[in-house]
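*Asks:* So TrEMBL has the following annotated:
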- 151-161: compositional bias 'Basic and acidic residues' (COMPBIAS)
- 22-147: domain 'VOC' (DOMAIN)
- 151-176: region 'Disordered' (REGION)
């Protein structure tokens, strides 16, 4: 068996932390069709701070990092042939970001004023959060919440069933 030196672990002890300073175990990465404009939007909407930016091909951001609260979000422009399309290219988003804040109503309004589209205005939810959902101008979904009440799993289950019982029933689309 042939050894590949590129895959060998260095014999020199590393001083680097497995999770870089300022990061958490999970870090979202957003692909955008205009990362520069998105960074400006996230600054206005959520008070983001730009941590770093690496420019790529002319007019493109190869990689950037912003900080919202105590969390880093990585982002960059979509690049043809790299297999990382933006939600606008896909026509939909496949995930979302939950942002906990001190005042969901104020941050939600700030984001809408900055150009986000309201999908569900803030409301008190059965799981104990005041919660709203919006879509940013680049197609990414954001849930904004303020935690108001600690709810036990048993009470949460009961509240969920009560909330679902109040929802209109969807008609089946299949022919009978």
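Heads up, the Cβ atoms here are built off N, Cα and C, so glycines get one too.
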*Asks:* Do any residues, 6 or more residues outside the compositional bias 'Basic and acidic residues' (151-161), come within under 8 Å Cβ-to-Cβ of it, and if so which ones?
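*Replies:* Long-range Cβ neighbours of the compositional bias 'Basic and acidic residues' (151-161): 126-128.
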*Asks:* Could you give me the DSSP helix, strand and coil counts for the domain 'VOC' (22-147)?
*Replies:* 27 helix, 53 strand, 46 coil
